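**Q** Feature annotation from Swiss-Prot assigns topological domain 'Cytoplasmic' to 1-23, 90-93, 222-235. Look at Swiss-Prot and you will find 24-44, 69-89, 94-114, 201-221 tagged as transmembrane segment. Residues or ranges marked as topological domain 'Extracellular' by Swiss-Prot: 45-68, 115-200. Annotation comment: Swiss-Prot describes N62, N143, N159 as N-linked glycosylation site.
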Amino acid sequence: MVDTTNLIPNTPRYLKVPLIAFNTILWVLGLVLVIIGSIGVSFFSNFKDFTKVSKASAALSNLTTGAPAGVLVIGIFFVILTVIGCFVAGKEKLVGLVIYTMLMLIILVALIGVGGKALTLHNDDVVKQIGNAWEDVSNGPKNSTILKLENFLKCCYWNSTSSRNPLLCPKDSKGIPKYTDTCDSVISSKISSNLYLVGAAAVSIGVIEFICMLFALFLIIRICRAPRTKSYDYQ
Ligand SMILES: *[C@@H]1O[C@H](CO)[C@@H](O)[C@H](O)[C@H]1NC(C)=O
Ligand SMILES: *[C@@H]1O[C@H](CO)[C@@H](O)[C@H](O)[C@H]1NC(C)=O
Ligand SMILES: *[C@@H]1O[C@H](CO)[C@@H](O)[C@H](O)[C@H]1NC(C)=O
(Lines of atoms letter the chains of each structure in order from A and count residues from 1; the text may use other names and numbers.)
(Lines give C-alpha, C1' and ligand atoms only; values in the text may rest on other atoms or scores of the structure.)
(Ligands and ions follow the chains in the order given, each with its own letter.)
Protein backbone atom coordinates (compact mmCIF):
# COMPACT_ATOMS: atom_id res chain seq x y z
CA MET A 1 0.00 0.00 0.00
CA VAL A 2 1.16 3.51 -0.75
CA ASP A 3 1.82 5.62 2.27
CA THR A 4 -0.13 8.83 1.80
CA THR A 5 1.10 10.47 4.99
CA ASN A 6 3.67 12.59 3.22
CA LEU A 7 1.28 13.72 0.51
CA ILE A 8 -0.62 15.82 2.99
CA PRO A 9 1.16 18.98 4.10
CA ASN A 10 2.29 18.86 7.72
CA THR A 11 1.28 22.41 8.38
CA PRO A 12 -2.51 22.80 8.66
CA ARG A 13 -2.07 26.35 7.38
CA TYR A 14 -1.36 25.02 3.87
CA LEU A 15 -4.75 23.32 3.95
CA LYS A 16 -6.63 26.00 5.84
CA VAL A 17 -5.67 28.97 3.71
CA PRO A 18 -6.69 27.42 0.35
CA LEU A 19 -9.87 26.06 1.92
CA ILE A 20 -10.83 29.53 3.15
CA ALA A 21 -9.88 31.06 -0.22
CA PHE A 22 -11.98 28.57 -2.18
CA ASN A 23 -14.88 29.06 0.22
CA THR A 24 -14.70 32.80 -0.42
CA ILE A 25 -14.96 32.18 -4.17
CA LEU A 26 -17.89 29.82 -3.56
CA TRP A 27 -19.55 32.47 -1.40
CA VAL A 28 -19.40 34.95 -4.30
CA LEU A 29 -20.77 32.33 -6.73
CA GLY A 30 -23.52 31.53 -4.22
CA LEU A 31 -24.37 35.21 -4.17
CA VAL A 32 -24.60 35.15 -8.00
CA LEU A 33 -27.13 32.31 -7.71
CA VAL A 34 -29.10 34.24 -5.07
CA ILE A 35 -29.24 37.33 -7.29
CA ILE A 36 -30.24 35.44 -10.46
CA GLY A 37 -32.76 33.37 -8.49
CA SER A 38 -34.33 36.52 -7.03
CA ILE A 39 -34.50 38.19 -10.44
CA GLY A 40 -36.14 35.03 -11.83
CA VAL A 41 -38.64 34.78 -8.98
CA SER A 42 -39.69 38.42 -9.34
CA PHE A 43 -39.80 38.26 -13.15
CA PHE A 44 -41.91 35.10 -13.22
CA SER A 45 -44.20 36.29 -10.42
CA ASN A 46 -45.91 38.25 -13.22
CA PHE A 47 -46.71 34.91 -14.89
CA LYS A 48 -48.73 33.61 -11.94
CA ASP A 49 -52.24 34.29 -13.28
CA PHE A 50 -51.23 33.21 -16.75
CA THR A 51 -49.77 29.94 -15.44
CA LYS A 52 -52.85 29.24 -13.36
CA VAL A 53 -55.26 29.44 -16.26
CA SER A 54 -53.11 27.54 -18.77
CA LYS A 55 -53.81 23.88 -19.54
CA ALA A 56 -50.24 22.79 -18.80
CA SER A 57 -50.37 24.51 -15.43
CA ALA A 58 -48.24 21.97 -13.50
CA ALA A 59 -45.39 21.81 -15.98
CA LEU A 60 -45.38 25.55 -16.50
CA SER A 61 -45.45 26.22 -12.80
CA ASN A 62 -42.43 23.95 -12.32
CA LEU A 63 -40.66 26.06 -14.88
CA THR A 64 -41.72 29.55 -13.84
CA THR A 65 -41.91 29.08 -10.07
CA GLY A 66 -39.93 25.95 -9.21
CA ALA A 67 -36.80 26.60 -11.25
CA PRO A 68 -35.98 30.13 -10.08
CA ALA A 69 -36.96 29.29 -6.48
CA GLY A 70 -34.66 26.24 -6.62
CA VAL A 71 -31.74 28.37 -7.82
CA LEU A 72 -32.45 30.88 -5.04
CA VAL A 73 -32.57 28.19 -2.33
CA ILE A 74 -29.33 26.53 -3.48
CA GLY A 75 -27.70 29.98 -3.56
CA ILE A 76 -28.80 30.80 0.00
CA PHE A 77 -27.58 27.42 1.19
CA PHE A 78 -24.17 28.09 -0.37
CA VAL A 79 -23.82 31.56 1.08
CA ILE A 80 -24.45 30.14 4.57
CA LEU A 81 -22.44 26.94 4.19
CA THR A 82 -19.33 28.69 2.88
CA VAL A 83 -19.30 31.08 5.84
CA ILE A 84 -19.50 28.06 8.13
CA GLY A 85 -16.75 26.43 6.06
CA CYS A 86 -14.40 29.37 6.58
CA PHE A 87 -15.14 29.34 10.31
CA VAL A 88 -14.58 25.61 10.90
CA ALA A 89 -11.45 25.66 8.72
CA GLY A 90 -10.03 28.68 10.47
CA LYS A 91 -10.67 27.22 13.92
CA GLU A 92 -9.83 23.67 12.81
CA LYS A 93 -13.03 22.30 14.31
CA LEU A 94 -12.95 18.60 13.60
CA VAL A 95 -16.67 17.85 14.00
CA GLY A 96 -17.57 21.01 12.14
CA LEU A 97 -15.28 20.04 9.26
CA VAL A 98 -16.83 16.57 9.03
CA ILE A 99 -20.37 18.03 8.96
CA TYR A 100 -19.27 20.68 6.46
CA THR A 101 -17.75 18.03 4.16
CA MET A 102 -20.89 15.89 4.33
CA LEU A 103 -23.17 18.84 3.55
CA MET A 104 -20.91 19.78 0.63
CA LEU A 105 -21.19 16.23 -0.68
CA ILE A 106 -24.99 16.32 -0.46
CA ILE A 107 -25.12 19.68 -2.25
CA LEU A 108 -22.71 18.42 -4.90
CA VAL A 109 -25.08 15.53 -5.66
CA ALA A 110 -28.04 17.95 -5.76
CA LEU A 111 -26.04 20.29 -7.98
CA ILE A 112 -25.21 17.51 -10.42
CA GLY A 113 -28.92 16.69 -10.58
CA VAL A 114 -29.94 20.32 -11.12
CA GLY A 115 -27.04 20.91 -13.54
CA GLY A 116 -27.97 17.86 -15.57
CA LYS A 117 -31.51 19.13 -15.83
CA ALA A 118 -30.38 22.66 -16.72
CA LEU A 119 -28.14 21.28 -19.48
CA THR A 120 -31.02 19.40 -21.06
CA LEU A 121 -33.37 22.32 -20.52
CA HIS A 122 -32.68 24.49 -23.51
CA ASN A 123 -33.84 28.01 -23.86
CA ASP A 124 -35.93 27.00 -26.89
CA ASP A 125 -37.81 24.36 -24.91
CA VAL A 126 -38.71 26.87 -22.21
CA VAL A 127 -39.88 29.42 -24.77
CA LYS A 128 -41.82 26.80 -26.70
CA GLN A 129 -43.59 25.60 -23.55
CA ILE A 130 -44.60 29.15 -22.65
CA GLY A 131 -45.63 29.70 -26.28
CA ASN A 132 -47.99 26.75 -26.33
CA ALA A 133 -49.63 27.92 -23.11
CA TRP A 134 -49.78 31.45 -24.53
CA GLU A 135 -51.78 30.25 -27.52
CA ASP A 136 -54.31 28.27 -25.53
CA VAL A 137 -54.82 31.04 -22.97
CA SER A 138 -55.23 33.59 -25.80
CA ASN A 139 -58.09 31.54 -27.20
CA GLY A 140 -59.71 30.93 -23.84
CA PRO A 141 -62.03 32.94 -21.59
CA LYS A 142 -59.18 34.15 -19.32
CA ASN A 143 -57.44 35.93 -22.19
CA SER A 144 -57.12 39.14 -20.16
CA THR A 145 -54.08 37.62 -18.44
CA ILE A 146 -52.32 37.80 -21.80
CA LEU A 147 -52.86 41.54 -22.03
CA LYS A 148 -51.45 41.99 -18.54
CA LEU A 149 -48.37 39.99 -19.44
CA GLU A 150 -47.88 41.91 -22.68
CA ASN A 151 -47.96 45.19 -20.80
CA PHE A 152 -45.41 43.85 -18.35
CA LEU A 153 -43.10 42.47 -21.04
CA LYS A 154 -43.76 45.39 -23.42
CA CYS A 155 -44.60 43.19 -26.38
CA CYS A 156 -47.49 42.38 -28.70
CA TYR A 157 -48.59 38.88 -29.79
CA TRP A 158 -46.58 35.71 -29.23
CA ASN A 159 -44.67 35.41 -32.51
CA SER A 160 -44.94 36.22 -36.20
CA THR A 161 -47.21 33.25 -36.91
CA SER A 162 -49.37 33.27 -33.79
CA SER A 163 -53.07 34.18 -33.73
CA ARG A 164 -53.74 37.88 -34.22
CA ASN A 165 -56.69 38.80 -32.05
CA PRO A 166 -56.58 42.62 -32.19
CA LEU A 167 -57.99 42.77 -28.66
CA LEU A 168 -54.88 41.02 -27.38
CA CYS A 169 -52.32 43.68 -28.25
CA PRO A 170 -51.90 46.69 -25.96
CA LYS A 171 -52.82 49.90 -27.77
CA ASP A 172 -52.39 53.54 -26.91
CA SER A 173 -55.28 56.03 -26.81
CA LYS A 174 -55.13 56.47 -30.60
CA GLY A 175 -55.49 52.73 -31.16
CA ILE A 176 -51.91 52.23 -32.32
CA PRO A 177 -50.09 49.19 -30.90
CA LYS A 178 -47.77 50.33 -28.11
CA TYR A 179 -45.13 47.68 -28.63
CA THR A 180 -43.55 46.28 -31.77
CA ASP A 181 -41.56 43.33 -30.34
CA THR A 182 -43.19 39.92 -30.25
CA CYS A 183 -43.35 38.33 -26.81
CA ASP A 184 -41.35 35.21 -27.69
CA SER A 185 -38.28 37.30 -28.52
CA VAL A 186 -38.60 39.36 -25.33
CA ILE A 187 -38.91 36.29 -23.11
CA SER A 188 -36.18 34.45 -24.99
CA SER A 189 -33.65 37.23 -24.53
CA LYS A 190 -34.50 37.60 -20.84
CA ILE A 191 -34.19 33.89 -20.12
CA SER A 192 -31.16 32.93 -22.20
CA SER A 193 -28.63 35.24 -20.58
CA ASN A 194 -29.67 34.17 -17.09
CA LEU A 195 -29.73 30.50 -18.05
CA TYR A 196 -26.12 30.80 -19.23
CA LEU A 197 -25.11 32.57 -16.03
CA VAL A 198 -26.72 29.89 -13.88
CA GLY A 199 -25.06 27.15 -15.93
CA ALA A 200 -21.63 28.79 -15.72
CA ALA A 201 -22.00 29.42 -11.99
CA ALA A 202 -23.17 25.85 -11.38
CA VAL A 203 -20.25 24.30 -13.27
CA SER A 204 -17.72 26.53 -11.48
CA ILE A 205 -19.33 25.77 -8.14
CA GLY A 206 -19.22 22.02 -8.81
CA VAL A 207 -15.51 22.05 -9.65
CA ILE A 208 -14.46 24.34 -6.79
CA GLU A 209 -16.69 22.46 -4.39
CA PHE A 210 -14.92 19.21 -5.24
CA ILE A 211 -11.54 20.83 -4.54
CA CYS A 212 -12.90 22.23 -1.25
CA MET A 213 -14.03 18.78 -0.17
CA LEU A 214 -10.56 17.37 -0.86
CA PHE A 215 -8.89 20.10 1.19
CA ALA A 216 -11.40 19.65 4.00
CA LEU A 217 -10.79 15.90 3.94
CA PHE A 218 -7.01 16.41 4.08
CA LEU A 219 -7.45 18.85 6.93
CA ILE A 220 -9.61 16.33 8.80
CA ILE A 221 -6.94 13.64 8.30
CA ARG A 222 -4.21 16.06 9.38
CA ILE A 223 -6.07 17.01 12.55
CA CYS A 224 -6.80 13.38 13.37
CA ARG A 225 -3.19 12.29 12.79
CA ALA A 226 -1.72 15.06 14.93
CA PRO A 227 -3.86 15.35 18.05
CA ARG A 228 -4.00 18.92 19.15
CA THR A 229 -2.34 19.98 22.35
CA LYS A 230 -3.76 22.58 24.65
CA SER A 231 -1.20 25.16 23.57
CA TYR A 232 -2.16 24.52 19.96
CA ASP A 233 -5.77 25.27 20.75
CA TYR A 234 -4.94 28.65 22.14
CA GLN A 235 -2.42 29.52 19.47
C1 LIG B 1 -43.69 19.33 -11.49
O2 LIG B 1 -42.94 19.09 -10.31
C3 LIG B 1 -43.47 18.11 -9.46
C4 LIG B 1 -42.68 18.06 -8.20
O5 LIG B 1 -41.33 18.22 -8.43
C6 LIG B 1 -43.47 16.78 -10.21
O7 LIG B 1 -44.00 15.75 -9.38
C8 LIG B 1 -44.32 16.89 -11.45
O9 LIG B 1 -44.24 15.70 -12.19
C10 LIG B 1 -43.84 18.05 -12.31
N11 LIG B 1 -44.81 18.21 -13.38
C12 LIG B 1 -44.46 18.28 -14.64
C13 LIG B 1 -45.58 18.35 -15.62
O14 LIG B 1 -43.29 18.32 -15.01
C1 LIG C 1 -44.86 30.49 -32.94
O2 LIG C 1 -45.20 29.89 -31.69
C3 LIG C 1 -45.85 28.65 -31.79
C4 LIG C 1 -46.23 28.20 -30.39
O5 LIG C 1 -45.13 28.05 -29.57
C6 LIG C 1 -44.95 27.65 -32.49
O7 LIG C 1 -45.62 26.42 -32.64
C8 LIG C 1 -44.55 28.20 -33.85
O9 LIG C 1 -43.62 27.33 -34.46
C10 LIG C 1 -43.92 29.58 -33.70
N11 LIG C 1 -43.65 30.13 -35.00
C12 LIG C 1 -42.49 30.70 -35.32
C13 LIG C 1 -42.35 31.26 -36.67
O14 LIG C 1 -41.56 30.75 -34.53
C1 LIG D 1 -61.49 36.79 -24.46
O2 LIG D 1 -62.25 36.72 -23.27
C3 LIG D 1 -63.56 37.32 -23.36
C4 LIG D 1 -64.23 37.18 -22.02
O5 LIG D 1 -63.34 37.37 -20.96
C6 LIG D 1 -64.38 36.66 -24.43
O7 LIG D 1 -65.60 37.35 -24.57
C8 LIG D 1 -63.62 36.68 -25.75
O9 LIG D 1 -64.31 35.94 -26.72
C10 LIG D 1 -62.23 36.08 -25.57
N11 LIG D 1 -61.48 36.14 -26.80
C12 LIG D 1 -61.11 35.06 -27.47
C13 LIG D 1 -60.33 35.29 -28.71
O14 LIG D 1 -61.34 33.93 -27.05
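Backbone N, Cα and C atoms are what each Cβ position is placed from, and that goes for glycine too.
Are these features on the surface or tucked inside, and what are their neighbours?
**A** Note on the topological domain 'Cytoplasmic' (1-23): mean pLDDT across this stretch is 74.
Using a Cβ-Cβ cut-off under 8 Å and counting only residues 6 or more beyond its ends in the same chain, the topological domain 'Extracellular' (45-68) has close neighbours at 36-37, 39, 126, 129-130, 132-134, 136-137, 140, 142, 145-146, 148-149, 152.
In the three-state DSSP scheme, N62 (N-linked glycosylation site) falls into the helix class.
Within the chain, the transmembrane segment (69-89) has long-range Cβ neighbours (under 8 A, six or more residues past its boundaries) at 15-16, 19-20, 23-24, 26-27, 29-38, 40-41, 96-97, 99-100, 103-104, 107, 110-111, 114, 198, 205, 212, 216, 219.
Counting Cβ atoms from all protein chains shown, N143 (N-linked glycosylation site) has 14 others lying within 10 Å of its own Cβ.
Sequence-distant neighbours of N159 (N-linked glycosylation site) (same chain, 6+ apart, CB under 8 A from its CB) are G131, T182, C183, D184, S185.
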**Q** Name the secondary structure element type, per DSSP in three states, that contains N159 (N-linked glycosylation site).
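**A** Going by the DSSP assignment, N159 (N-linked glycosylation site) belongs to neither helix nor strand, so it counts as coil.
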**Q** Tell me the Cα distance separating N143 (N-linked glycosylation site) from N62 (N-linked glycosylation site), rounded to the nearest angstrom.
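**A** Spelling it out, the Cα of N62 (N-linked glycosylation site) and the Cα of N143 (N-linked glycosylation site) are 22 Å apart.
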